[in-house]
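**Student:** Here's a structure for you.
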Amino acid sequence: MSTAGKVIKCKAAVLWEPHKPFSIEDIEVAPPKAHEVRIKMVATGVCRSDDHVVSRSLASPLPAVLGHEGAGIVESVGEGVTSVKPGDKVIPLFTPQCGKCRICKHPEYNLCMKNDLMQPRGTLLDGTSRFTCRGKAIHNFISTSTFSQYTVVDEMAVAKIDGASPLEKVCLIGCGFSTGYGSAVKVAKVTPGSTCAVFGLGGVGLSVIIGCKAAGAARIIAVDINKDKFAKAKELGATECINPLDYSKPIQEVLQEMTDGGVDFSFEVIGRLDTMTSSLLSCHASCGVSVIVGVPPNAQSLSVNPMSLLMGRSWKGAIFGGFKSKDSVPKLVTDFMAKKFPLEPLITHVLPFEKINEAFDLLRAGKSIRTVLTF
């Protein structure tokens, strides 16, 4: 029996309050309105940014259905939708691409002005949500809300992908992989023969390493205080791994000594102010490029001596690896299917959706790279 045009009752993980576990609830998901798409989720990754909402280091309205790194199948579409149809495999996009705003029209930049990242509303574009639970409206999360068996997104926040793609793997392209990989190949524009340093070896940091290797870097130095992550980093392309705790001097000085004055490209993939500074200073003063990839804490400022930049260093940042989402996500899935990069090594755990709190425990304990929840 078709569910198009009807309210769907399903399971979702609702975060009612900060610092609390997710609650598996029976929710109602309303049909998509004009220019909206309802998706039956198949798989979703668990990302550190979701946990930032739990801890309130990232502000977003609650109660909410979180999750933003998923893949699924279109169940129904609202009036006027032309880019996808029921049955299509899709990836929801936490960075939408309206195609009309100043940023979407820019040849390089990607953070569409209709995003829900800068000042989160926790709604779809029309200012409302399609989720209700116990008679109460439940907020969306950054245009996606993948921690639900069904979700509704704006058409500008969904991309059709290869119908043969394995959704339990390519869901990582919805956030973590693309963010890291793009930071290397698109934002920094790593060059063949160059030297790179990557601070932080979670799923995004390892994806930076994959990108540096794909771009032809000659040396990729992985930096983390957890030595258990070194083997995986080397498997994916790191040529050396170092632990800052093994040295009595600042890690930027160690890297400068290792690389004749500093690396060509450095990446901070943790979200700490001190490592952002270390990453900046570890790249060469005259030609280095440092990229902020990790999400920093809310309402904190970074103080840097301007002389650190005056001699020629560049300091950059980008969301979603600088990729224009609707244009790039289908191409990235095609590249994965063509074996141009791996995703499997990033997935350390696959759990049923109902075990979402166990997945977050693994994340917080540093025991997982990416956990994929399946519906």
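Placement of Cβ uses the backbone N, Cα and C atoms for every residue, glycine included.
Feature list, courtesy of Swiss-Prot:
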- Cys47, His68, Cys175: Zn(2+) 1 binding site (BINDING)
- Cys98, Cys101, Cys104, Cys112: Zn(2+) 2 binding site (BINDING)
- Gly200, Leu201, Gly202, Gly203, Val204, Gly205, Asp224, Lys229, Val293, Gly294, Val295, Arg370: NAD(+) binding site (BINDING)
- Ser2: N-acetylserine (MOD_RES)
- Lys234: N6-succinyllysine (MOD_RES)
- Lys340: N6-succinyllysine (MOD_RES)
**Student:** Of Cys112, Val295, Lys340, which recorded positions come within 10 Å of Cys47 (Zn(2+) 1 binding site), going by C-alpha to C-alpha distance?
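**Tutor:** Cα filter at 10 Å returns nothing.
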**Student:** Specify the nearest of the recorded positions Ser2, Gly200, Val204, Lys340 to Cys101 (Zn(2+) 2 binding site), where nearness means the distance between Cα atoms.
**Tutor:** Val204
**Student:** Just to confirm: which same-chain residues, 6+ apart in sequence, have a Cβ under 8 Å from the Cβ of Lys234 (N6-succinyllysine)?
**Tutor:** Ala222, Cys241
**Student:** Pick out which of the recorded positions His68, Lys340 has the most other Cβ atoms within 10 Å of its own Cβ.
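**Tutor:** Counting every other Cβ within 10 Å of each candidate, the maximum falls on His68.
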**Student:** Compare the Cα of Asp224 (NAD(+) binding site) against each of the binding-site residues His68, Cys98, Cys104, Cys112, Cys175 and report the nearest.
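**Tutor:** The smallest Cα gap between Asp224 (NAD(+) binding site) and any of the binding-site residues is with Cys175.
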**Student:** Rounded to an integer, what is the Cα-Cα distance in Å between Lys340 (N6-succinyllysine) and Val204 (NAD(+) binding site)?
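**Tutor:** It is 17 Å, counting Cα to Cα.
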**Student:** Can you tell me whether DSSP puts Val295 (NAD(+) binding site) in helix, strand or coil?
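**Tutor:** In the DSSP reduction, Val295 (NAD(+) binding site) maps to coil.
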**Student:** Around the recorded Zn(2+) 1 site, report the further residues of that chain (criterion: Cβ within 8 Å of the mean position of the Cβ atoms of Cys47, His68, Cys175; site residues excluded), sequence-ordered.
**Tutor:** Gly45, Ser49, Asp50, Gly67, Glu69, Phe94, Thr144, Thr146, Gly174, Gly176
**Student:** What does the structure give for the C-alpha distance between Gly202 (NAD(+) binding site) and His68 (Zn(2+) 1 binding site)? Integer Å is fine.
**Tutor:** 17
**Student:** Hey, which of the binding-site residues Gly200, Gly202 is the loneliest by Cβ count within 10 Å?
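**Tutor:** Each of the binding-site residues Gly200, Gly202 was scored; lowest Cβ tally within 10 Å is Gly202.
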**Student:** To the nearest whole angstrom, what is the C-alpha distance linking Val204 (NAD(+) binding site) and Ser2 (N-acetylserine)?
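**Tutor:** Approximately 39 Å lies between the Cα of Val204 (NAD(+) binding site) and that of Ser2 (N-acetylserine).
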